[in-house]
Amino acid sequence: MEYTSQIGRINGDVMTQAHEPLNIMDGTQADYSTKTKRGIYLSKCLAFIILVIFALALVTASLLVYNYAACPKIDQLANVTKYELCHCDQSKLLVLPLTTESSRSVIPLESSTHSSMPNITNLWLPKQVKPERYFLNITPYIYEGNFTFDGEVTIHLIVIEETKELTFHGVELTIHEIRIHEKDDDHLIYIVRQLEDVPRNFHILTLGSSLEVGKQYILSIKYTGILNDNLHGFYRSSYEEKGVRKWIAVTQFQAMDARRAFPCWDEPALKARFTITIARPNNMTSLSNMNIVRHSPHENLPDYTWDHYAESLPMSTYLVAFTVTDFKNMTNNKFSVWARSEAVQSAAFALEIGPKILKYLEEYYKIKFPLPKIDMIALPDFKNGAMENWGLLTFREISMLYEEGVSASTDRVHVATVVAHEIAHQWFGNLVTPTWWRDLWLNEGFATYVEYVAVNAVEKSWNITELCVLDIVHNVFQLDALNSSHQLSVEVSASEEADAIFDKISYGKGSALLRMLNHVLKSDVFNAGVTNYLNSKMYGNAEQRDLWSALTSAARKTGDFDADVAVVMDSWTLQTGFPVLTVTRDYENGSLLFKQERFVLINDTFETQKSPIWWIPVSYATASEKDFETTQPKLWLKGEKSLTVNNITMRPEDWFIANVQQTGFYRVNYDLQNWKLLIKVLKDPARFQEIHIINRAQLVDDAMNLALTGRLDYRTALDVTSYLAHERSYVPWKAGLSALGYIDTMLSKGAHYLEYGHYVLRLLNDAVKEVGWEVSPNESVITSQYRVDLLASACHFEHPDCLENAVRMYTNWMLAPNPDSNNEIHVDLRGIVYCVGVRAGGVREWTFAWDRFKVATAPSERHRLLSVLGCTRSPSLLHRYLEMSLRNDSGIRKQDIVRVFSAVAGTGIGQPIAFNYIRANWQRLRSFVGSLSTINLIVKLVTRRLNQAHEYEELKRFVMESCSDLGRPVQQVLETISSNVQWRDRNYHTIVDWLRAADQAAKLN
């Protein structure tokens, strides 16, 4: 993130500047002798008068320029416009005044910059003091021409070590007054010096006397800030209702943005109690973490009311939240949902499922939810999917609103899982918080794991646990196979690094390892350990070793697991990546050799480098013992490179599968003969279901990715996928389509793409005929998603019937008298139909979809249309679409820019257009988006299809010239594209030959 330096000064209500005295000096000394000289002669008195007048004129001019051409005075800040705040001289805008004992002295602020701070050794605040309580009063001005807020924060501090310095966080805040005194003594402590450490967002006060250990002090700060439009800190958003634009103010503080709303100790370990008071217009409503205890009129603003909130429990600053909106609500006991008045009825499902999940998790954790209420609010603009602020959960509209007949069945699942994720955080993250961001996975890994557990408990018919492997295992493998991936528990030394680790590793890998550990220990032991962990660290902070300790104690009580959980799990959390377990059978003596190594896309490890090793739990099933229910390990690789086992009874003709239900976070490779035995059973329509549904998905995913990295011949891997022709279950098909999708991307620019399309269509044909286009009432979510994925793939490869049906439905919709209220296309099929209609059509079809987007109000329909607008094959329309995403008046919200770029870059036609566009508009894009994490995601999306050597060189040059500051994410992009180039060089001809042979064989049959 970018921060603005604060260089001016303010004291009281008057902005002043620390000017040097104005010295008037003559170039030569005057000679007043009586000797006659040429020129003009002045008396001493007249010369003195002229000098005084000249000096006064200069001072007056300076004051006029300063006061009328610079920033507004403090008493004008309540009505200052955003333009004035953004365009006045920044050295006079962001200031830090000092309050001395007399409350009138002004001491210059010294400001450090990146260049003047030679070594930033860490990001952490000094530990001499700790905040105990915050009393925060905040007044937002939410109308055009004045997007600012006034704040006053009083912080009670406990002194841990004697100090004469106070250091706290603050960003883009105009501070008017600072006072500090001992709690039991109103005498103000003199402030000698103030320093701003810009790179670390520190404000440092040097005091005239020491703060003493054991005493409490009170720090009071008055300040002003800007309601920004960058979707972080305290920001503004708007929406239209009946043609009227309405403004709201909301917060998003995770990871390090509370400091943008109020001066604070903005680190997760520094928990405190908060008493928040919000001034809001009389016709609006405020919300915060706690319940309102009283209202009072605003003393200076007759149109405003103060809402006073109860004191919170101890919590971290990033969990503080408040909103000021004109939204409506619905309530179910302690639960309330809030949304735009036109959308609030769409929050009914969230209100229904939220209390069910809360009740289940109270029983699951065996700890009652400690707050008196939960509010869930759906926001028109929100950078993330949702945020777990304690007692006030904030959501994107698409993640909380579900409208029957407009939202797809998958939208219902999405709402349920996101609501479950955020409610799970009320314990993991809020009640117990990681000491520092290095252990973010303790928050996000648990919430992701528990969302599947909780939703499966309250919506059993969805069978959502089957999808868990696809979402949190297969999906994460792709990122974690990069050398530029990161440890699960990773050091964080900058705010950008904290933002960057909100990724698939922290969420997906964290949850996958918890799932693995649950199967290793058994659920009752695992849950007991988790509950002990929460109870022991309640209202405090923890590190991963605290979790390992609690789980070890729980396991040893039952005697089921005698190893130290920390020894086992540190091998997974403190090392980057994951292993591939290669199983080699000796078919003569029956022994099996298990060997582990790290699975990487590009193996650039030198022989002298030590290869990482893991503690790997191994469960297995065989043709003779088809035990796919026992997921506890039957053997371990205990941090050893290899292990030979002689006690597994198998016949030579039996197949062997390791990692039952893929509960372990690793891939499995086999010797060629075992692969042939597995392919044989998979290809047998009468026998393939002997293998568990999740393991069938595992075999497809493992085989294709092993081939991708050269560990398995592609001919063998493609043979595995050929069984899908008679597969009728969603999970293996989803794994197959995802794995085959990589080949689709790599071959899409080549001359043999047609052969590839023929192969996939042969796999799809029978399944597509069976699912058809008719959606049965009350069919399962899995069935619905199965149909959607099959039909989408069939239309992608231009299946004639698929295209005909989709074009016909889209055309009929266009011809409908009132298409916005008369849409007969089933909601589950709209994404497919819209995309095909736009792709097969031209300007008319695209404009029709754009017009529907502009008037759509349901979040699900708007998101669906944003995606399909990228399906057009018209380069000019694609470029126009990208251009509109960077315009404030287009109707595309800033939160949705990523969706636009993803839609355009998702096709072979659109990808080069999107890549060229970001290069040509790089500075404009960065300035408009603001968020580095969003920029990183856009770069990843627009480059993912690159696979030629010259494209890699272009990308590398772009990174070096324009975005080398993006850090690890852009290095992951470079590594991915390098892998694509290597893949094409190594595998292209092998795959083409296999596809040709398969094509010939199909023609003969």
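In case you wondered, yes, glycine gets a Cβ from its N, Cα and C as well.
Any TrEMBL annotation is an automated prediction that lacks curation.
Annotation source TrEMBL lists transmembrane segment at 45-69.
Taken from TrEMBL, the feature domain 'Aminopeptidase N-like N-terminal' covers 130-319.
Sequence annotations record features per position, and here TrEMBL assigns domain 'Peptidase M1 membrane alanine aminopeptidase' to 349-572.
Neighbour list (His421 (Zn(2+) binding site), Cβ cut-off 8 Å, at least 6 residues apart, same chain): Ala386, Glu388, Ala447, Thr448, Val450, Glu451. The Zn(2+) binding site annotation in TrEMBL covers His421, His425, Glu444.
Taken from TrEMBL, the feature active site, proton acceptor covers Glu422. DSSP gives Glu422 (active site, proton acceptor) a helix state.
Residues or ranges marked as site 'Transition state stabilizer' by TrEMBL: Tyr507. Around Tyr507 (site 'Transition state stabilizer'), the same-chain residues at least 6 positions away in sequence with a Cβ under 8 Å from its Cβ are Trp441, Glu444, Gly445, Thr448, Ile472.
Positions annotated as domain 'ERAP1-like C-terminal' by TrEMBL: 655-978.
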With Cβ-Cβ distance below 8 Å and at least 6 positions apart along the chain, what are the contacts of His425 (Zn(2+) binding site)? List them in sequence order. Glu388, Asn443, Ala447
Apart from the site residues His421, His425, Glu444, the 8 Å Cβ neighbourhood of the Zn(2+) centroid comprises Glu388, Glu422, Ala424, Phe428, Gly429, Asn443, Phe446, Ala447, Thr448, Glu451, Tyr507
Grab the pLDDT values for the domain 'Aminopeptidase N-like N-terminal' (130-319) and give me their mean, rounded. 95
Relative to the Cβ position of Glu422 (active site, proton acceptor), how many further Cβ atoms are located within 10 Å? 27
Taking 10 A as the limit, how many CB atoms besides its own sit near the CB of Glu444 (Zn(2+) binding site)? 25
